[in-house]
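S.K.: Reproduced below are the annotations present in TrEMBL:
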type	residues	note
BINDING	166-173, 191-195, 213-216, 284-287, 315-317	GTP binding site
BINDING	S173, T193	Mg(2+) binding site
DOMAIN	1-159	domain 'Obg'
DOMAIN	160-334	domain 'OBG-type G'
REGION	119-149	region 'Disordered'
Amino acid sequence: MQFVDEATIRVQAGNGGNGCVSFRREKFIPFGGPDGGDGAEGGSVWLVADEGLNTLVDFRHQRMFRAERGENGMSRQMAGKGGSDTTIRVPVGTVVSNVETDEQIGDLTEHGQRLLVAQGGRGGQGNIHFKSSTNRSPRKATQGTPGEERELRLELKVLADVGMLGFPNAGKSTFIRAVSAATPKVADYPFTTLQPHLGVVRIETDKSFVIADIPGLIEGAADGAGLGVQFLKHVARTRLLLHMVDIAPMDGETDPVEQIRVIENELKGFDPELLKRERWLVFNKIDLIAADEREKVAKAIVRKLKWTGPWYLVSAIARENTWPICLDIQRFFDEQRRDAAEAAAATGQG
């Protein structure tokens, strides 16, 4: 599931340092030759893809990024110190274009992938390079070249980490509104969500995930009924599924167990592999059931389903028990990343 996030930034690489005009001055060597060193290269500006980032929202606060200029050359043939590069972290999936030419510069699709977006200027040459048989005391050195400067457009097709499944009006939009800054349209009729809504759930400053409200699925969705196959395609791109269930249907006749099985059949009909995806049951609207009955009702459903995965009791509208789920989701993703890193390290050692 994806939506497009955009930002515009300006990047400026460092200028190259100037070459030095200098002559060797030592005791007993009154007419020493040239010894001016070279200027250093300016720092460059790089983008690097970081899987820990989900949106481009941080670029609304900082839009200008500069790298250091290179130092000038010095006497005794000493070159200047190179300017430090500037590295800008962006989410995986960021497409980078030059605003002036509308040309795509790169597409950062993998964690750790780097893209040079502004090359630092070259350092100038010191006068030692201009010594010749006809000019033993050259007073010439060259200046460093300017670093590149350009305006960039960043576009991110944001992929949802968590997809929310469930029948229309199970409370998915309300849940997203409760745990994120998203404000999806919420009403008491089926198919309130006609387009996917995404919310960013920020656990800590550098820890967040994107959660998507998949429009309500109904029986026959895999064959195009309701809002159809297009949304089932999005489900396949998520890392975790939250299956939300109305534990207290207003009509008193709807069977939550049957509704869960309908959704499972639609997933299976579209792609049997989706049933193997990590999926957690979320029993919503517990505020409509007496406190001492809630767990009993949920356990009866779990028994009928022979469910062995995680399950939760929440009231999205009252924001009851919604945050603990978010903490568990973040822990789940942290463990996934840790396992992947350990597996990669083991492969590298092998």
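Note: Cβ is positioned from N, Cα and C throughout, glycine not excepted.
Not measured: the values here are computed from a predicted model.
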S.K.: Same-chain residues six or more away whose CB lies under 8 A from the CB of K285 (GTP binding site)?
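M.R.: Long-range Cβ contacts: G171, D246, I247, A248, S315, A316, I317.
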S.K.: Among all protein chains shown, how many Cβ atoms are found within 10 Å of the Cβ of K172 (GTP binding site), not counting that one?
M.R.: 31
S.K.: Going by DSSP assignments with H, G and I as helix and E and B as strand, what are the residue counts for the region 'Disordered' (119-149)?
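M.R.: Within the region 'Disordered' (119-149) the tally stands at 4 helix, 1 strand, 26 coil.
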S.K.: How would DSSP class S315 (GTP binding site) in three states?
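M.R.: For S315 (GTP binding site) - judged by DSSP and reduced to three states - the answer is strand.
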